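Participant: So that we are looking at the same thing, I have put the structure below in structure tokens.
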Amino acid sequence: MADCSLRPHVHWAQRHRELYLRVELSDVKNPDVSIADNVLRFRAQGHGAKGDNIYEFQIEFLEPVEPKPVCRVTQRQLNITVQKKESSWWERLTKQEKRPLFLAPDFDRWLDESDAEMELKEKEEEKINKMKIESRVPKDPFKHLKKGYLIMYNLVQFLGFSWIFVNMTVRLFILGKDSFYDTFHTIADMMYFCQTLALMEILNSLIGLVRSPLIPAVIQVFGRNFILFVVLGSLEEMQSKAVVFFLFYFWSIIELFRYPYYMLSCMGIEWKPLTWLRYTSWIPLYPLGGLAEAVCLIQSIPIFSETGKFSLGLPNPLNVTIQFSFLLQMYLIALFLGLFVNFRYLYKQRKQHLGPKKRKMK
């Protein structure tokens with residue numbers, strides 16, 4: 001190295017397996033750091049003690065090191081990490097006994113040999129304790145069986161709702177508005193199957209197969225099944241209404257994102273576009289689905305009132321009859337309360353999965 005070259009201030013520290021060099025240069029540009037024949041060579045442009053210039057230095061290490069240094073440039077300095085070939089404690093950094101003038105200990109990271117050994121021992125103990133704790137946790141012999149069941153469940157539901165969505169979309173393009181009025185007769189069997197199978201989601205939550213809370217699952221499953229089996233299934237007059245098309249369509253679109261997301265999660269796979277769709281699509285679709293359910297209830301109330309279906313007459317002097325249409329009006333209020341509970345839950349889930357990550361303060 002030429003005598004006229006500028007050398008930056010370099011601070012060093014060590015552990016049993018690593019060497020740390022902190023080069024006091026700010027705004028570093030074009031750093032060239034290499035190790036050959038156990039000599040580290042450094043050259044870079046940056047702002048040091050002599051202003052903005054090109055600085056360089058070389059260090060011949062006391063003992064063999066790995067030839068691949070790791071560099072990390074910050075606005076204020078450049079950090080170099082070098083791996084020792086053998087775990088040992090060096091009495092000095094350089095092969096030459098006299099310390100170069102530009103080199104000094106890094107007291108921010110400095111440990112003597114006993115401190116370093118204590119740190120190494122603590123890490124080993126922490127690793128051993130972690131292994132002991134993991135060994136104490138009982139292994140679930142049915143883990144793979146449970147995972148296989150959840151994957152198959154979500155796959156079947158995804159295929160079922162995909163069939164509903166594709167069938168309705170094709171019919172809409174071919175028949176136009178006419179497809180609105182016979183949706184129930186062509187789609188109901190598959191919807192019955194999917195919504196009956198959805199009862200398993202409540203069971204899965206009850207027995208702890210999934211970590212999803214129970215109440216949102218109960219609200220959604222029983223809410224949909226009440227509309228499907230009680231309101232639509234029992235009134236032929238409702239089965240030809242256009243609202244059935246929109247109701248089934250919104251339900252199926254929501255599940256096209258939900259079930260594949262859960263299926264991939266069971267396999268330990270995260271696909272970010274699908275995660276975004278899972279926790280974003282509900283924002284327009286859940287209100288639209290809730291609106292379709294409300295319209296369905298409102299249209300069915302006069303029919304239940306006129307036919308007296310499911311109304312209960314009590315044998316008493318006042319001849320009081322509990323009208324099912326009145327219960328539907330009460331249920332209409334409960335519907336919006338249930339939607340609010342699910343909206344709140346989904347909003348929290350969205351913040352958890354898509355919100356900004358909190359940075360830990362050092």
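The chain as shown is numbered from 1 upward.
Cβ from N, Cα, C; glycine included.
Sharing the record's features from Swiss-Prot:
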TOPO_DOM  1-149  topological domain 'Cytoplasmic'
DOMAIN    5-94  domain 'CS'
COILED    111-135  coiled coil
TRANSMEM  150-170  transmembrane segment
TOPO_DOM  171-189  topological domain 'Lumenal'
TRANSMEM  190-210  transmembrane segment
TRANSMEM  213-233  transmembrane segment
TOPO_DOM  234-242  topological domain 'Lumenal'
TRANSMEM  243-263  transmembrane segment
TOPO_DOM  264-282  topological domain 'Cytoplasmic'
TRANSMEM  283-303  transmembrane segment
ACT_SITE  Tyr286  active site
ACT_SITE  Glu293  active site
TOPO_DOM  304-319  topological domain 'Lumenal'
TRANSMEM  320-340  transmembrane segment
TOPO_DOM  341-362  topological domain 'Cytoplasmic'
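Set these features in their place in the structure for me.
Facilitator: As a whole-number mean, the pLDDT of the coiled coil (111-135) in this prediction is 66.
Counting only same-chain residues 6+ beyond the ends of the transmembrane segment (150-170), those with a CB under 8 A from a CB of the stretch are 179, 183, 186-187, 190-191, 193-194, 197-198, 200, 204, 209-210, 245, 248-249, 251-253, 255-256, 259-260, 262-263, 266-267.
With a threshold of 8 Å between CB atoms, the same-chain residues lying at least 6 positions outside the topological domain 'Lumenal' (171-189) that come near it are 164, 232-233, 239-242, 244-245, 248.
Tertiary neighbourhood of the topological domain 'Lumenal' (234-242): same-chain residues 177, 180-182, 184-185, 188, 296, 299-300, 303-304, 309-310, selected by CB-CB distance under 8 Å and a gap of 6+ residues from either end.
Counting residue by residue with DSSP, the topological domain 'Cytoplasmic' (264-282) contains 11 helix, 0 strand, 8 coil.
Outside the transmembrane segment (283-303) by six or more residues, the chain places 223-224, 227, 231-232, 235, 237-238, 241, 243-244, 246-247, 250-251, 253-254, 309, 325, 328-329, 331-332, 335-336, 339, 342-343, 346 with a CB less than 8 A from a CB of the stretch.
Within 10 Å of the C-beta of Tyr286 (active site) there are 17 other C-beta atoms, taking all protein chains into account. Mapped onto three states, the DSSP output places Tyr286 (active site) in helix.
Around Glu293 (active site), the same-chain residues at least 6 positions away in sequence with a Cβ under 8 Å from its Cβ are Gly223, Arg224, Ile227, Leu247, Leu335.
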Participant: Are there three or more C-beta pairs under 8 angstroms joining the transmembrane segment (190-210) and the transmembrane segment (320-340), sequence spacing 6 or more?
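Facilitator: No, the stretches stay apart by this measure.
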Participant: For the transmembrane segment (213-233), what are the same-chain contacts with Cβ under 8 Å, counting residues 6+ beyond its ends?
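Facilitator: Hits for the transmembrane segment (213-233): 184, 188, 191-192, 195-196, 198-199, 201-202, 205-206, 239, 244, 247, 251, 293, 296-297, 300, 310, 328, 331, 335, 338, 341-342, 345.
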Participant: For a three-state summary based on DSSP, what are the helix, strand and coil counts in the topological domain 'Lumenal' (234-242)?
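Facilitator: Residue counts in helix, strand and coil order: 5 helix, 0 strand, 4 coil.
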